[in-house]
Amino acid sequence: MRLKKAARVILVGAPGVGKGTQSERLLQRFPQLSSISSGDLLRYNVKQRTPLGIKVESTIKAGGLVPDELILRLIRNELNHRGWIHSSGLAGDVMTLASSSVSSTDGVSVDNDSEVEAFISSPEHARGLITPQTSEDPSASFLLDGFPRTAVQAERLDEIVPMNWAVSINTPLDVVMGRISGRWVHEPSGRVYNTGFNAPRVPGIDDITGEPLVRRADDKEEVYRARFKKFQETSEPLLEHYARKGVLWEVEGLSSDEISPKLFREFERRFVD
């Protein structure tokens, strides 16, 4: 299937509704879609010990939150590096998954901690002086994971790249709670099992390694309910933002297998020739 224009997609849903599953299925069904993960960009820069990666690492170790400006910068530079957005004044302003250093807009290397602090706190670095032009070529299609999570973040992202499809995935709370109560994880690999529909061959044991499975701390009911409440508080303004933009689409289902066909049909209606 050939896309007729660029698809710029985000999936929004409460923890446990299956966003990861739907993302994987979309990427498999529509190979022109690329995955861009804010978490991957952050981890790559930390691993490569870029100046901003070092700053991120120290922030996380101190229990702080990575500033939105930095995440926006990472996304913008990744899209610019791929040629999916274009604007002037970006020479030497690239920090992508293929980069090992970061420079400021005038080409001066950002090396010490005070310069990094100034760099990530300056709005002009995150926003730029000129709004980038977004490619509508089908090859510039991507699924953005991990960002935005709030309406404020979405507004800032709009200044860099306008998302043209925001999908709200809805599954009843009692169904999600049932999934979570049966979830077991093999921590070293990240493999996830569920006693309801993807049970391990031997209860409590990983199929591949024979090592024990564990329950995640945030899968406890009281913890999940708190996370769900927080999600509702932040997601409502986010979804309203995309509704005003005319790009919000909502889908409901009791399972991933029920939701996926609906998701595929709507994606094809919007983006496939």
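Yeah, the Cβs are placed from backbone N, Cα and C, and that goes for glycine too.
Since we're looking at a predicted model, the values are computed, not measured.
Look at TrEMBL and you will find G16, V17, G18, K19, G20, T21, R183, V192, Y193, S256 tagged as GTP binding site. The annotation AMP binding site is assigned in TrEMBL to S38, R43, G64, L65, V66, G146, F147, P148, R149, Q153, R216, R227. Taken from TrEMBL, the feature domain 'Adenylate kinase active site lid' applies to 183-218. Positions annotated as region 'NMPbind' by TrEMBL: 37-66. TrEMBL lists 182-219 with the feature region 'LID'.
In sequence order, T234, L238 constitute the residues six or more apart from R149 (AMP binding site) in its chain with CB-CB distances below 8 Å.
When every Cα pair among S38, R43, G64, L65, V66, G146, F147, P148, R149, Q153, R216, R227 is compared, the largest distance found for this AMP site is 28 Å. Within 10 Å of G18 (GTP binding site), as judged by C-alpha distances, no binding-site residues are found among S38, G64, V66.
Here the Cβ of G64 (AMP binding site) has 10 other Cβ atoms within 10 Å, regardless of which shown protein chain they belong to. Note on the region 'LID' (182-219): its mean pLDDT in the predicted model is 91. For the binding-site residues listed here (G18, G20), the lowest count of other CB atoms within 10 A around the CB belongs to G20.
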